[in-house]
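Have a look at the structure below, then the notes.
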Amino acid sequence: MFLKIFEVRVGTIRSECKAISLFTSAVLTPSHTSETTMRQSPSTGMRRPSAPPSASSATSSLAIALMFSSLRFTPARAFAGSSPAIRRTSAAFLRRPARLSHIIGRSASTRGIARSASTRGGDGDFSTWTFEEPCGRMDWTAGPDFDLQVTSELGSDAAASSSVVVVGMYGPPKPEEGEEKEGVDEGEKPLPDLAGLAASLDAELDGAIGALLVENRKDFKDGSATGSSLPVLRVVQNGMMRRIIVVGLGPAGASEEDAAASNGKLGAALAKVLKDEKAVESMVVSLPEGGSYDLVRISEQLYSGLYVDNRFRSGEKVVDVAKDLKTVTLVLPGTSEEIEKGAALALGVGMCKDIVNAPPNILNPKSLADTAQQIAESSDGTITCKILGVQECEKRGMGSYLAVGRGAEVEPHFIHLTYKPKSGDVKRKVGIVGKGVTFDAGGYNIKTQMMELMKFDCGGSAAVLGAARTVAASHPEGVEVHFIVAACENLINGRAYRPSDVLVASNGKTIEVLNTDAEGRLTMADALVYADREVGAEKIVELSTLTGACMVALGDKLSGMWTHDDGLAAELEASAKASGDKTWRMPLPAEYEDQLKSKIADVQNLGGKYGGAITAALFLNHFVDKKTPFAHVDIAGPVWDAATGATGYGVKLLAGWIEKQGKE
């Protein structure tokens, strides 16, 4: 068999592919193709699959190497004309799963290709794709793993065993409106009283904490900024270096809204203390009695503040300060259930960041669908996952959504996660829909700027799947939740949709395409019809990075929210206030509808020059029944931070709203 194949002289790539297919069918066995253990070749430095130690397997491997070295084309192209089974077999043999493999150039030599496909780059350890098939899995960050405790009392003896002690202090109250601010000497401003653990520690240290406050009196001028910290007091006791840090809690007597914001800042400040001090094994946090503390918010921000993403680094990595951390003890009223709820929120926020931060050659519709499946599998049966392929979407008439994904190599994947409480008691069924364009080049109306940031165009889906992960961990009662994502990429090829095309959505509406870069609303159209008609959601909330116009109007710190339903608006505003995911209700004037009228179709996908965020919201309303409470939230601004990357925006907003739905 070997001699016959090597004697074949072919004149075309098609003939060569056929010969390779016949050869692999004859010599490859399941044991050869399924083995994923790798071994290092001492002569070439290449890593290749280890096969069982048999003469036949060694002969097969040698024969394949000789075959590839004698032919003038890449293995990825060699199997292009073979059957799907052979292509899968060849891909499994040539590429190690879940390992770094660079994009392979077609002009590279066979030896170079084999090396690129099978070697591990430095310490990098993540999936990407070759020409054969796209990446199908996105790795998750592990998240911090330490014991967060809460206690109402903690003596100084217990605190003495901690390497870091954080003492929270309120500053002087804010002056009343109209109150004279001048005329008070800086030295006369009152300092906060030391009480509880802080007073005990101060006594042990001969007044060192009080002296620190006096020395840094200016930091409490007009009320200390929440999270601001004074210089670290370092003392040696019993041969151990202890660090005592005073953290500002804001002005005393703050409003409820200011106090809520302060809790989030406090959690972030505690995370910063751990980052700044490094190599901390234990930390005690003492807060004054009588404060308005939200343990859920504090714990979530503490966990989220320690988020580290080293998934795509092969060399020097960002220091994970939480790896040495064993315990953090909060001395304040609260329960372990509140901490668990905060941890569940942090899980979702971390998932959201993982998705948005992932590069587009890792995060695509296929790997996003796999992520959804993993969320379901880790949910103890409360979440089920259904993925609709292209054919199933076509049967449902999703012509608007599928048109957007037609220009990409990776096919669209329609994701539907369903959460049902273990008790089976359901008071309300809600739908959460997120825009899942994993990369947006703009289509034929190609983007002329900021394309490198367009991986964050999946921010809506990231918030939705992040909320699903939070729900899987927190198990809210009384509400059935449907998480829906129409995942695709907006790219260009000969099959891509064009400006002036007319599309048909799944509710029968025809849409004239004026601009292929207004694609998000086209994917959302069919996703909203699905949530409304097939799922039968009683309320629908949709999140998407939809328009730059919303950023022009509101900046990058809060989202815009559009809804005709005052009750739903109030619910979302309450969740935004409680969670810190800020939103602002925007108008839906009927007179702007004229901008969406098409000369040849029912509606067009672009409005006039001004008010683009409003016309986008009006467009979406064409795909939800008027009787169904529906809100569109444009998160284009707050989903991304230029300095730090993904923010995790939307998870807490959705999770808080979902929890309330089960309690009504």
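Just so it is clear, glycine is given a Cβ too, placed from its N, Cα and C backbone atoms.
Unlike curated records, TrEMBL annotations are generated automatically.
Remember, it's a predicted structure, so these values are computed and weren't measured experimentally.
The region 'Disordered' annotation in TrEMBL covers 31-57 (among others).
Summarising the annotation, TrEMBL assigns compositional bias 'Polar residues' to 31-44.
Marked as region 'Disordered' by TrEMBL: 169-188 (among others).
Under the heading domain 'Cytosol aminopeptidase', TrEMBL lists 515-522. Residues 400-401, 403-404, 435, 437, 440, 442-447, 457, 490, 496-499, 503, 544-546, 605-606, 616, 619-620 of the same chain lie 6+ residues outside the domain 'Cytosol aminopeptidase' (515-522) yet bring a C-beta within less than 8 angstroms of a C-beta in it.
Confidence for the domain 'Cytosol aminopeptidase' (515-522), expressed as mean pLDDT, is 98. According to DSSP, the secondary structure content of the domain 'Cytosol aminopeptidase' (515-522) in residues is 3 helix, 0 strand, 5 coil.
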